C-alpha cells in the first residue's frame, strides 16, 4: 500500500500554517478582546465592584526618625537619627458618591482612606512610644513666614510664644498623638498676636488641624486624613475605549491643576493608581496621579519577575533629577532659574501643601549623596527603600506593590524666633511611609485560571500541532526523496515479466562458431501452412516443434 505523499505534504503544511496563525495571531486577539470586554468600570461588572470597594485592606507602614540630639541640633550640630518602626495599619480604600456619565464614558467619585492600627503586626511597638521630631507647627510656620512674609516675623514670633509657651525647636510626644490623636493647640488667648496666628486654624488653612471646641484644636500628621475625603476624581470607565480605563480626567472638578508654574506639570497623566488598563506594553510605563504630591508619577519597566508561579513585569520609580531633566523644570520654584530646583531625588512640596516640606525616597535612596551625608543614621538600599510593582500586562493586574515615600523638613535658621535661630540648613528626614499590597490566592487564582490556563492550553495546542506538522512534512519529504532515488518494486517486476514474454517468442540464434557445436540444427521453416496439410497431424511438423521446445 502506497502512502499518499502529496496529501500528506499538503495536510502537514496546512496544519503548520494553522498552528502559527491561530497560536500567535488569532488566539491572542480573541483573548485580548474578551479581557477588554470584561475589564471595565461599567456598573454591575465584577471589576467595578472590586474597584469601588476594595474587599481587603492594604498594609500601611510608618517609620519615624527620632532625633536623639535635639539640643545640639538647635545649636547647629549634625542631626543623629534613629529609625523607629514600623507602626503597622490596615488601610481600607473605598469610593463613594459615584456618578456615571454614559456620554463621556466617565465616572466621578470621592476617595476615602481609613487607617486602623494593627497592634499584632506592630509588635513590639504599641504606638505609645515617645518620639522627638521637629516641632510640626512652629518650625514649618516660622520658616514659611521668613521666606514669604518676613515683615510679619515679629508678630508671628510673639504669637508662637503665647500659643506654645516654653516651646523648643523639637517636640517630644507619643507616636499616636503626633500622627492620629493630635497635639493640643490652645487658641484661647485674647492677645492680638496669638489671635492673628490662630486665624490660619479657624479658616482651615492648616488642614491637619481639627477643631474640638471654640478655642482648642488638635494637630496631627494623618488624623484629619483618616476616614475622610482625599479628593474627588473623574476617570474614564473604559467601556468605549478600553485603553483609557481609569485615566484621570478631572480632580477636584478641575481638568488640570493650577499649582506649578508650567502647564505641563499641571496636567493629569495616568490613573488614580487603583486600576490600570489591560494590554499595556512594558515600555508604556505605569502612570498615576498622586494628590499627596500634586503630581503624576510614572513607574518604568525594570526586569521580568514572577508571583506565585505566574510571570509578571517588575516596575519601579523615583523622583528623578528635576534640575537635570528639562521636562521637570516646571517643578522648580522658577523654571528659568535652576538654582531654585530641589536636589536630585527630592521634590519641593511647598506649592502643594503650603509648607517647607520635601518629598523623597526613604533614606534619600537614589538621591544626592550630600543629603545622606548631612545627617547620621541613614542607610539607603534598594531592598528596603525602592518602590516596586509586580504587574501583569495583559489583564492589567498588579500582583504586589510597595509604594514608599519620605517626608522631610526643608530646615534653615530663623533669625526672628529664638529657639530656631541657630538651626543648621539642611533637609531633615521626619518619617516615611509604605503602602503595600500582595494579592492572595483568592484573587490571583482568578487571573491564573481565566488567563494563564488559557495561555497554557494555547501553548500546548500550538506546539503539539507544530510538532505533528513538522513530523508529517519530514516524512512526506522522505517519501518524495525515496521515490526519486529508487525504482518501485512493482514496476521492476512488471518489466521483468515483459522481458520474459518477449524472450519466449524469439528463435535461438545459430552459433557463431560451427566448430564449437556438435549438433546440427535443422533449418527453420516459415510459420505457414501448406495447403492440404494439418500441422497437428503432420509427423514432420510435430517432430520439429518437439525439437525446438527442447532448446
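Glycine residues also receive a Cβ, built from the backbone N, Cα and C atoms like all the rest.
Look at Swiss-Prot and you will find 1-7, 481-551 tagged as topological domain 'Cytoplasmic', backed by sequence analysis. The feature transmembrane segment is assigned by Swiss-Prot to 8-28, 460-480. For 29-459, the entry in Swiss-Prot reads topological domain 'Extracellular'. What Swiss-Prot records for 66, 213, 226, 440 is N-linked glycosylation site, and it gives sequence analysis as the kind of evidence. Summarising the annotation, Swiss-Prot assigns disulfide bond to 265-330, 294-352, 332-341 and lists similarity to another entry as the type of evidence. Residues annotated as region 'Disordered' in Swiss-Prot: 503-551. What Swiss-Prot records for 513-540 is compositional bias 'Polar residues'.
Nearest neighbour of residue 440 (N-linked glycosylation site) by Cα distance, taken over the recorded positions 66, 226, 341, 352: 226.
Here the candidates are the recorded positions 66, 213, 332, 341. The one whose C-alpha lies nearest to that of residue 294 (disulfide bond) is 332.
Around the Cβ of residue 226 (N-linked glycosylation site), the number of neighbouring Cβ atoms within 10 Å comes to 16. Sequence-distant neighbours of residue 66 (N-linked glycosylation site) (same chain, 6+ apart, CB under 8 A from its CB) are 81, 82, 83, 84, 131, 132, 133. Residue 213 (N-linked glycosylation site) sits 28 Å from residue 352 (disulfide bond), taking the CA atoms of both as reference points.
Shown are the disulfide-bonded residues 294, 330; the one with the most C-beta atoms within 10 angstroms of its own C-beta is 294. If you take the Cα of residue 341 (disulfide bond) and the Cα of residue 330 (disulfide bond), they are about 9 angstrom apart, rounded to a whole number. Computed over the topological domain 'Cytoplasmic' (1-7), the whole-number mean pLDDT of the model equals 63. Of the recorded residues, residue 330 (disulfide bond) and residue 352 (disulfide bond) place their C-alpha atoms 13 Å from one another. In the three-state DSSP scheme, residue 330 (disulfide bond) falls into the helix class. In the three-state DSSP classification, residue 352 (disulfide bond) falls within a helix. Annotation for residue 265 (disulfide bond): same-chain Cβ neighbours under 8 Å, separated by at least 6 residues, are 257, 259, 295, 328, 330, 331. A sphere of 10 angstroms centred on the C-beta of residue 352 (disulfide bond) encloses 20 other C-beta atoms. Neighbour list (residue 332 (disulfide bond), Cβ cut-off 8 Å, at least 6 residues apart, same chain): 261, 322, 323, 338, 340, 341, 342, 348. A straight line from the CA of residue 226 (N-linked glycosylation site) to the CA of residue 352 (disulfide bond) spans 19 Å.
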